[in-house]
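Here's what TrEMBL has on this protein:
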type: COMPBIAS; residues: 24-33; note: compositional bias 'Basic and acidic residues'
type: DOMAIN; residues: 178-317; note: domain 'Nrap protein'
type: DOMAIN; residues: 324-462; note: domain 'Nrap protein'
type: DOMAIN; residues: 468-627; note: domain 'Nrap protein'
type: DOMAIN; residues: 643-846; note: domain 'Nrap protein'
type: DOMAIN; residues: 848-1003; note: domain 'Nrap protein'
type: DOMAIN; residues: 1005-1137; note: domain 'Nrap protein'
type: REGION; residues: 1-49; note: region 'Disordered'
Amino acid sequence: MGPAPAGKQLRGATGGPEVMEPALEGKSKEGKKASSRKRTLAEPPEKGLLQPVKLSRAELYKEPTNEELNRLRETEILFHSSLLRLQVEELLKEVKLSEKKKDRIDAFLQEVNQRVMRVPSVPETELTDQAWLPAGVRVPLHQVPYAVKGCFRFLPPAQVVVVGSYLLGTCIRPDVNVDVALTMPREILQDKDGLNQRYFRKRALYLAHLAYHLAQDPLFGSVRFSYTNGCHLKPSLLLRPRGKDERLVTVRLHPCPPPDFFRPCRLLPTKNNVRSAWYRAQSAAGDGSPEPPTPHYNTWVLQDTALESHLQLLSTTLGSAQGLKDGVALLKVWLRQRELDKGKGGLTGFLVSMLVVFLVSTRKIHTTMSGYQVLRSVLQFLATTDLTVNGISLCLSSDPSLPALADFHQAFSVVFLDSSGRLNLCADVTACTYHQVQHEAQLSMMLLDSKADDGFQLLLMTPKPMIRAFDHILHLRPLSRLQAACHRLKLWPELQDNGGDYVSAALDPLITLLEQGLGTRLHLLAHSRPPVPEWDISQDPPKHKDSGTLTLGLLLRPEGLTSILELGPEADQPEAAEFRQFWGSRSELRRFQDGAIREAVVWEAASMSQKRLIPHQVVTHLLALHADIPETCVHYVGGPLEALIQGLKETSSTGEEALAVAVRCYDDLSRLLWGLEGLPLTVSAVQGAHPVLRYTEVFPPTPVRPAFSFYEPLQERSSLLPRPDKPCPAYVEPMPVVCHLEGSGQWPQDAEAVRRVRAAFQLRLAELLTQQHGLQCRATATHTDVLKDGFVFRIRVAYHREPQILREVQSPEGLNSLRDTPASLCLERDTRQLPLLTSVLHGLQQQHPAFSGVARLAKRWVRAQLLGEGFTDESLDLVAAALFLHPEPFTPPSSPQVGFLRFLFLVSTFDWKNNPLIVNLNNELTVEEQVEIRSGFLAARAQLPVMVIVTPQDRKNSVWTQDGPSAQILQQLVVLAAEALPVLEKQLMDPRGPGDIRTVFRPPLDIYDVLICLSPRHIPRHRQAVDSPAASFCRGLRREPGPSSLMPVLGYDPPQLYLMQLREAFGDLALFFYDQHGGEVIGVLWKPTSFQPQPFKASGTKGRMVMFQGGEPVMVPNVEAILEDFAVLGEGLVQTVEARSERWTV
C-alpha cells in the first residue's frame, strides 16, 4: 500500500473496496454487463493484493526449453536468486536510454557540432583587454587578481569530440548529460599559459564568445553556464534543445588544450604554477623561501588534457562487455540514492567507471560478469580498501621520472592515479567523502550478504538523504565567515591552490578539527555541498559565498555520546600543553578519585536530552576558538522535535529521568512482592505490563500528591472523589503489574472457581502490603491498586493454567476440546504476551538509548493526527523497534529526530497489504523461519488484520493489531506520513532555522463533517497539547513533597468517558477521532452507509427520522437531533458543536 493522493479522504469505514472498473467505451450494454461479470469474478478478493499465478497442469509440468535452462544456469552463477535478476533487469530497463531517444540526441549533437564550427573568429587582443566581448555575455570566471600576461584570440575548435558516459552506453536517466570536448587550436595558446590562471582565463573567454553566438541560434531553448564538478575555475556551457525536447538532454561543452600541449613535468603535484607575488599582489619575498606547491590547480589543467585518453581507455575496457556497463549503471544509481555524486568532491560516475577499469586490470572483475556481480565486486573493494592510506594506480610503467604514490598522498587526501601515472583522478574527493563511501559500501555488503528478500529495494531503490541518514545536522552560514576562518587558520597556500575558493580551502582543516574534538562520540562526519546552480550567460558567475550552505552530518556512537567529561593527560605530561591549547578556556585541572591530577573538560548537561546535544557545545566552542566562526553562524539541528515530548513544566528534559524514577519505584515494589510473607503460595514472577516500564510512555507519570481542597474524601474506601465545582483533577493512570504465583495441585480446575481464588489472593495481597510495608492499597476481585512513592501500580494475580482452562469447551455430547475463545486470548495477551513484550522492549532501550524518544515521538504524532484510538501502544512500539532491529540501509538511530523521520518513511512506503512487518526481537527468527512466515502470511492474508506485525512470540496472529486499525484508518495514516515527511525534512534542512516544527503535528481538521469543541477546564491533560497553552487550570496537585495517605482518583479523563458514550450511542452512524494528549476537538465523520435510507422498523428509530420515498416510509439520520444529543451528552464538557453541512447530504 503506497501513499495515496494528497486529496484522498478518510471515508467508507464500513464499505468494502470497489472492484468494478469502468467498462471500455464502444461496447454494447450486453457486452458491458458480460465484461463486468468476468472482471468481478476474475479480480482478487481484495484489490491490490498479490495473488499467485494459476497454471494449468500441462503448463506446470512442461519441459523447460534450452533457452530457459541456460537462463537458469546463468541466474545460478551470476545472481543469487531469480527475483534479484528480474529486479536488476527491470531497473536497468528503467534507467537506460531508449533507442528512439538516442536517435534524437544524436541528431541534436550533429546540429551542435555544425553550429560550433560556424562561430566567427576574433582578432588577437591582450587577455586584460576584454572590450571586444558583446554586451549580452559575461566572462564565467572570477578574474582575481585581474592583471595577467598573455594574449587571446578566438578560432573555431580544431576538433569536437563526444566524451563521457553517453558514448559508452552507461548514461542513466532522468538527467541525461552529454559531455563534448572542444579542442582549442594551438594558435590560441602560449607556452606559459599553465601559469597564474592564464589557461583558465582563455578557456573562460572561449566559452563566453561561444555562448553569445549560440544563444542567438533558434535551435537552442537554453544556453547557460555551469561549473564542472563544482570547480569554479572550470566553467562549462550547457545547451538544451528548444520545444518538446527541452528536457531530453543537456549538452555540456568543455574547451580543452591539445593533448600534448602542456609539459607533464610542470604539472606534477609538487610543482607551483600560481606565483605568490602575482596572487597576493605583493613583491616576492626575498628570504629565498620556496613557492608552495599547487597540486589541485595542476590537476585541473591535467584533467583537460586527458579527456580523450580516458575515453579511449574506458571504451577499450567496457566496449563489448554488457555486464560491465550494467554494473557501472547500477553503481551510478547506488551513488545517486546516497547523494554521494553531488557537489564538489563527490564520487562521480566517471570515477566509478575508472574504478571498474582498475578492477578489470587487476583481475578482480572479469568481463563476463553480470552487472550485479560488478556491483558487488566494486562495493567489496570500496568497503575493504582505504584509498586515503594506500592509493591505487592504473599506470603499469616503471619509469623512474614518474612521481611516487607518497608524493600524491602528501598533496591529496584520496589517491587514484590514471594510466599516465601523473593525474590523480580523486584529487577533489575529500577524505571525509571517501570515508562516507566506505561506510555505505560496508553497509551495502552486509545487506547483500544477508540475502534478504528486500535487499534490492533497500540497496538501490531507497533514497538516503543526509537528514535521514545522520543523527545530527549542522549548517554553516553565511559562507563568507569561512574567509575569516582561512585567515585565522593561516591557509594562504590552500587559497592560492584553490584559486581563492575559501570554502574548499577551509573544509579539510575544519573537518579535522571537529573529528578530533568529537572523538569517541563520532562514528562518521560527512559534508554536503549542493551543486552551484547554473546561471544565465548575461550574469556574473556566482560568488563563493553564494554557493549554498556548507552542511555537515554527524553519525554518532550511542556508547560515548552522553559522556560529559573529556579526559586529558596528567598535568605533568608534555601532552597537557597541547590539550590546553586545543580546548582553550574549557580545559581545567581536576583531581580524580584515583588521586590523579589531570587536564579535563566538563560539559554542562543535566538531563539525557542535554547530554545528547553535547556535540553542539563541542562544535560551537571549537569553531569559535580556532576558526573565528561565532555561534550565531552555526545552525545546529539535533533536537528541535524533542519539545513535543517534554513534560509539563520541563524545558531541559524529555522525560527519560522521570521514566527511570518510575521504573526504579516498580523495581522496589517487585522486591517487596518477592519478599512477602504470609501468602499461601509464593510469588514466582513479577512482570511489568505498561509503556512506562518499557520507556515508551509519551508523557511519563510524575509522583502524585493530591491537594485535598480539590476532592471530597471517601473515608470508608480511603479514596478521593473529584469536586464538581473545581477543574478536572490531574490524570493518574495505574501501571499494570502481573504477579505470577507458583503452581499447586490445590488450584481448582473450574474457570469461575479460579476467578474466586484469584480474588481471595488480591485481598490477601492488599492486607500483607499494608501490614508489612505500610503501603496504601485498594483491592478488587480482579486487581489490587497500590500507592507507592506517589505512583499507582495495579497488581494482577495470574495463574499460569487459567488460559488453558478457559480454552476448554464441552460439546453437547459431553466431550471436552480445546479451542481459543475471546476470554482465553485476552487473558493470554494480558498476562503472558504483554509482560514478555514489555521486558524485551525494556532490554532494547538499554541497548539503544534513542528507542524511547523515537517511540514516544511516533506515538505523539499518530495521536496528534486524532488516529491514536486505531493503534495500540504495543503496535506503534513495535514499528519503532523495527527501526532499530532492521535499520537497513541505515544504521540504528542515535537520536529521536532521525528515528522519527525514518518512522514516517517506513509507515508511508511499507506495503502493508502484501507484506507482514517482521520485528525480529532478540534475533530469534532465522532467515528460513522468516521466509516461512511470509509464505504463511500470503496464504492466510484474507483472515489476517489490515496491518500485520510479526514477532518471534507472535508468528501468525498479529495480536497487537487484531482490534485495529481499519483499512481506512491505516490508509489515512499512510497519506499523512507521506505528506508530513517532505515538509519536516525541508524544515530541518533549512539553514535559516526549522521554523515552526509543530506544523506536521497539527491535525488536518478540514476532513471532518462535525467538530465538537471541548472546554479546557475539564481536559486533565490539557498541557500536553501540541500547542501547549500558555496558562491552564490548576489540577489539584501539591508542589511540596510528602506522603499521601489516600488513593488518588484513577483513570478519570472526562473526554475519554464522553467518547465512550458517543461511540456506544452513535457508533453505527459515525466515527469519532480525538487526541488523548490534551486535544480540544473531537472530529466526527459520518459513515457513508448511515445516509442510505433504511426500511422502517419500530426498533431502529434511534437517531433516525421517518421520511416517505416513493410512497414507502423509510428512515434516515436526524442530523439536527443527533448534533443536539452530542451537546446534551457532553453538557459542561462540550463548548460548541460545529457542523459542516456542505460536506454531506441526506
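Cβ coordinates come from backbone N, Cα and C, glycine included.
TrEMBL annotations: computationally assigned, not manually curated.
The residues of the domain 'Nrap protein' (324-462), classed with DSSP into helix (H, G, I), strand (E, B) and coil, number 75 helix, 5 strand, 59 coil. Each residue in the domain 'Nrap protein' (643-846) has a pLDDT score, and their mean in this model is 85. Taking every recorded stretch in 178-317, 468-627, 643-846, 848-1003 and counting its Cβ pairs under 8 Å to the domain 'Nrap protein' (324-462), the highest total belongs to 178-317.
Helix, strand and coil counts from DSSP across the domain 'Nrap protein' (1005-1137) read 40 helix, 36 strand, 57 coil. Mapped onto DSSP classes, the domain 'Nrap protein' (178-317) shows 54 helix, 33 strand, 53 coil.
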